[in-house]
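Trainee: Take a look at this one; I'll ask things after.
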Amino acid sequence: MSLPELRRLETDTSGWTNDDEKGTTKHLEAVDPMHAIAEDDEDGNVGLAAYEQSKAMGEMTPEQNKRIRKRIDMFLLPLFLITQTLQYLDKTALNYAKVFGMEKAMHMKGNQYSLGAAIFYIGYMVSQPGWQYLLGKYHAGRVLGASAFIWGLTVLVMVWSKNFTHVMVTRFFLGVFEAAVTPGLSLMTAWWYRRDEIPLRQTIWYSAVGWGGMIGSLMAAGISKMDDHPTPRWKLIFYLLGSITMLLGVLLYFFLADGPASAKWIKKDDRPMAVNRVAQSGVGLKTTNFDWKHGFEACKDYKTWLLSLAMFGSSVPNGVLTNFSGSIIKGLGYSTFNAALLDCAGRSLQVISLLIAGIVATRWANTRLLMMTIGNLICVLGTALMSFLPFTHKYTWPRLIGFWLINTQSIGFTMGLVMVSSNIGSYSKRIVASSFIFVAYCVGNIVGPLTALESEAPRYQTAAYCMMGGYILKTICHGSLWYLLWRDNKKRDTKYGPADPVLAADNGMKGMTEQENTHFRYVL
């Protein structure tokens, strides 16, 4: 069914239409509704036909909306959570392998471990724009599934590494294939959920970094208690994680849908309304054709630059946290087993803080940047304790608490990605803005491990100072973004009057950016 026919159906609900100049009529032929859903316009705006069909079906009831959302939650959130958890575990496996002697087995000296941690992000940085484009151009489930299978294989290959060069090559390609995950899942969340639903859902699946940290710590604690085994303990970590990730890749390939219009686990009659739900956000779903004009608009947008600078600020300490957490806690005087358990306790704070922020931002409108600011200030406090408290036994617990507090950094990270999916229209503009942000993420994570100087172990004083500076930068950027978005909403209300949510949805589904869409208003 063509779009003109769908619009004709919307205005002529009787199902009868004039056929010729003589006024003879005939009944419209029955059309499979899924045929309309499969169509996109010439600009590649995915879901536009289904959106038009949903408008012809009448207003969605609260019961229907709740049923569709519950269905999506049940099938999508577990997949996203598991995928992000394994991505985090595989990325940080080097941290645990170091504790069990991998560094010595690879004959790594001096700063080589930090370089091995950093090169992952070089691979990540160069490949993540391509993955975001491929997820929009092709079936997202198959793209992500193929990525997961290959990165799982890369994790397995790590057990055959013999020297520092092998580690560097393997870690680089691990970064290349893992780069599809966090940027991709963030963009895909906006394909399934309304703007007011995104914060809680995104914090749920991104809490995987906390769950992954806890699982990794418990895994390390368990391995440390194992009896002697012919296979080195650090290799057991890679065998286990690599195998599970490859199985996940198969699952994603066959079961992750490309969007609500094609999800087989949503009833056929509900699929147009599932698209309509997302359209209400005013940013559209995705486009298979890249719009260069919108891409260049992202390069000039203050939102892109402020979010990128904030991401760099948070990623410098993240690079330290993900690669040196075990070493830092162990350096406070704890055994390998106890250090793993204490790291696990800190990760639980990460999960709790993320879920609290997600619930607050979902329950009360325009509190996203407030949650980000609170999380940032807690991080500044935590790194101040690490930076300025004396490194003596008397201050072991305060320093440990300071280290735990920086786990709240994930609030700003996650909500920063939510600002992209909720406040930037046109998929082409979103992937460019997201690419800038994740380049900053990678650069920060490359710099972070390099600030943890081996000569300063286990205190890592330089790293502590850099972490605090990063969080201060992040706080300033988010505060500036808060003011500028509020100012622009006021300007739009003054210039254009109250926004029409229906027209905002129409324009978003047609691929307009938020700057072109005069009925769009930012969420704060």
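Note that Cβ sites are derived from N, Cα and C of the backbone, with glycine treated the same way.
Fair warning: this is a prediction, and the values are worked out from it, not measured in the lab.
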Trainee: Which of these ranges is annotated transmembrane segment in TrEMBL: 74-91, 92-109, 110-127?
Mentor: 110-127
Trainee: By Cβ distance under 8 Å, which residues at least 6 away from the ends of the transmembrane segment (236-257) in the same chain are close to it?
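Mentor: For the transmembrane segment (236-257), the sequence-distant neighbours (Cβ-Cβ under 8 Å, at least 6 residues beyond its ends) are 79, 82-83, 86, 89-90, 93, 96-97, 100, 140-142, 144-159, 219-220, 223, 229, 263-265.
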Trainee: Could you check if the transmembrane segment (462-485) is in contact with the transmembrane segment (401-420), meaning 3+ Cβ pairs under 8 Å among residue pairs at least 6 apart in sequence?
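Mentor: Touching, yes - the transmembrane segment (462-485) and the transmembrane segment (401-420) meet the threshold of 3 or more Cβ pairs under 8 Å.
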Trainee: Test of understanding: applying the rule of at least three C-beta pairs under 8 Å (pairs 6 or more apart in sequence), is the transmembrane segment (369-389) touching the transmembrane segment (172-192)?
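Mentor: They do not touch: fewer than three Cβ pairs between the two stretches lie under 8 Å.
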Trainee: Against which stretches of its own chain does the transmembrane segment (401-420) lie, if we need a Cβ under 8 Å and a gap of at least six residues from its ends?
Mentor: 182, 186-187, 198-199, 202-203, 206-207, 209-210, 303, 307, 310-311, 314, 317-318, 321, 325, 328-329, 345-347, 349-350, 353-354, 357-358, 361, 368-369, 371-372, 374-376, 378-379, 381-386, 389, 430, 433-434, 437, 467, 471, 474, 478, 481
Trainee: Would the transmembrane segment (432-450) count as touching the transmembrane segment (110-127), i.e. at least 3 C-beta pairs under 8 angstroms with sequence separation of 6+?
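Mentor: Yes; at least 3 Cβ pairs under 8 Å.
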Trainee: Do any residues, 6 or more residues outside the transmembrane segment (139-160), come within under 8 Å Cβ-to-Cβ of it, and if so which ones?
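Mentor: Same-chain contacts beyond the ends: 83, 86-87, 90, 93, 97, 131, 166-167, 170, 173-174, 177-178, 180-181, 184, 188, 235, 238-239, 241-259.
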